[in-house]
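Peer 1: Summarising the annotation, Swiss-Prot assigns signal peptide to 1-22 and lists sequence analysis as the type of evidence. Sequence annotations record features per position, and here Swiss-Prot assigns region 'IgE-binding epitope' to 23-96, 173-248, 249-320, 407-457, 440-476, 475-511. Sequence annotations record features per position, and here Swiss-Prot assigns disulfide bond to Cys47-Cys80. Residues or ranges marked as domain 'Cupin type-1 1' in Swiss-Prot (evidence: sequence analysis): 52-272. The region 'IgE-binding epitope with a very strong IgE-binding activity' annotation in Swiss-Prot covers 97-172. Annotated region 'Disordered' per Swiss-Prot: 123-156, 210-241, 295-320, in sequence order. Taken from Swiss-Prot, the feature compositional bias 'Basic and acidic residues' covers 141-156, 217-239, 295-316. Taken from Swiss-Prot, the feature site 'Critical for IgE-binding' applies to Arg163. The domain 'Cupin type-1 2' annotation in Swiss-Prot covers 333-482 and rests on sequence analysis. Per Swiss-Prot, region 'IgE-binding epitope with a strong IgE-binding activity' is recorded for 347-387, and the stated evidence type is experimental evidence.
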Amino acid sequence: MSTKLILSFSLCLMVLSCSAQAAQLWPWRKGQDSRPHHGHQQFQQQCDIQRLTASEPSRRVRSEAGVTEIWDHNTPEFRCTGFVAVRYVIQPGGLLLPSYSNAPYITFVEQGRGVQGVVIPGCPETFQSDSEYPQSQRGQHSRESESQESSRGDQHQKIFRVREGDVIPSPAGVVQWTHNDGDQDLISVTLLDANSFHNQLDENVRSFFLAGQSQQGREERRSQQQTREEGGDRQSRESDDVEALIGANILSGFQDEILHELFRDVDRETISKLRGENDQRGFIVQAQDLKLRVPEDSEEGYERQRGDRKRDERGSGRSNGLEQAFCNLKFRQNVNRPSHADVFNPRAGRINTVNSNNLPILEFLQLSAQHVVLYKNAIIGPRWNLNAHSALYVTRGEGRVQVVGDEGKSVFDDNVQRGQILVVPQGFAVVVKAGRQGLEWVELKNNDNAITSPIAGRTSVLRAIPVEVLANSYDISTEEAYKLKNGRQEVEVFRPFQSRYEKEEEKERERFSIV
């Protein structure tokens, strides 16, 4: 009897141990956190939104090889949704230094191409380069370790190619860096979710850099202190937020002796540079001789499979599968490919969606994105988000947007253009009409499977309601209710209304094009 009890107790301990390892290796898991969602508690009184604004960045922080642009997230819509928006402009050859945040985020590449690195705690270094270093740069290693190092080359975690139209997610606390190896500026916009349950701090988003230093950041801190002394509450709060987003080199706070003891093979000068002393380059620096071997799309799957086989050959059969599940996650999905459109109307435009179905990591981050392309004068909506807030970032063209809130009043009715962000809270109905040059935008949302409900069209809510119910709801005849219900046969994206003259003109053009 005692033997059975001991065996049962041992099995329970083993299960608990494996569960703890899984939780430790995968801290971004989707879960219903037991603690109250601090964002909803603190911001619910700030969601009484009477007016929305389409805004551009309010702060610019210059670095040696680029600019960091920050939106004012103290406006009612930003505070309500918990969104924080940042745009990075990296010049050719520029390197956005390694950093992490206390909140998950999703990035959209608006322009250019580059290389992205992701560092996941506990995952192996499955990538290697052909770089060779002289012995003096390797430190005092044994001959055996030197021979192993020279045979392997430089090893590191995964890197991948990024280009225009890519959506790149990042969990809280995971280090990422970006290098522009193209011939034009690499521009990306990032949306951080301060209300995420992954953020264990307050409603502020913080950036933590592993290198560099920002002279402008020091100036912001001095300006912040002066603002506090002058009693400017809003300006002081905005300065606090900007300082947190600009971040600082976390190594600069450690003493030289501690760092020298940790990194024993480096000299005092290197320790000083680790701490960013006298470094005025900012957090986007000009990289020197940065040659990275990046697998192209067709190679990435092969490299991943080869890495799995190598680990199996080294005896990784003892693995419980956690490494394969977590370390091989995909961190990129392109939403700018017409052939992958989820909704397409040849006369109106298209919608591409990236969510947890085609990018599984988004399930754990509770984020997703849509890329919408509208042709000349085309219309989308009215529609609303059932389970998410959204931030619309305009990438091309111009158009008119109308948003209606819960009081049945318009909270936004204006034109939008490239570079602007419009935050739309959950449930607010939106209609967008493109201008003469068309309109393109990306919608970043705080749900991994955000659902929209259109009011018009073949998949609309009105289409799903019986004609008699519509007739009584709007006090109209059943004939008019039928027309209302079935007037549009398109799905979500609608071609513009055409007069009889315009229709005849279009038919004439089609006839000549066929001839």
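Using N, Cα and C of the backbone, Cβ positions are placed for all residues, glycine too.
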Peer 1: With DSSP as the reference, give the number of residues of the region 'IgE-binding epitope' (440-476) in helix, strand and coil.
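Peer 2: Residue counts for the region 'IgE-binding epitope' (440-476) by secondary structure: 8 helix, 9 strand, 20 coil.
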Peer 1: Can you count the other CB atoms that lie within 10 A of the CB of Cys80 (disulfide bond)?
Peer 2: 21
Peer 1: Under DSSP, the region 'IgE-binding epitope with a strong IgE-binding activity' (347-387) has how many residues in helix, strand and coil?
Peer 2: 4 helix, 20 strand, 17 coil
Peer 1: With a Cβ cut-off under 8 Å, give me the same-chain residues at least six positions beyond the ends of the region 'IgE-binding epitope' (440-476) that come close to it.
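Peer 2: Distant Cβ neighbours of the region 'IgE-binding epitope' (440-476) are 30, 81-83, 106, 108, 167, 189, 191, 193, 195-196, 335, 355-357, 362-374, 381-397, 416, 429, 432, 482, 484-492, 494.
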Peer 1: So, three-state DSSP: helix, strand or coil for Cys47 (disulfide bond)?
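Peer 2: DSSP assigns Cys47 (disulfide bond) to coil.
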Peer 1: Can you tell me the CA-to-CA distance separating Arg163 (site 'Critical for IgE-binding') and Cys47 (disulfide bond), as a whole number of Å?
Peer 2: 36
Peer 1: Can you work out the mean pLDDT of the predicted model over the region 'IgE-binding epitope' (23-96)?
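Peer 2: So the average pLDDT across the region 'IgE-binding epitope' (23-96) works out to 78.
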Peer 1: Starting from the Cβ of Arg163 (site 'Critical for IgE-binding'), draw a 10 Å sphere and report how many other Cβ atoms land inside it.
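Peer 2: So the number of other Cβ atoms within 10 Å of Arg163 (site 'Critical for IgE-binding') is 16.
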Peer 1: Tell me the coarse DSSP state (helix, strand, coil) of Arg163 (site 'Critical for IgE-binding').
Peer 2: strand
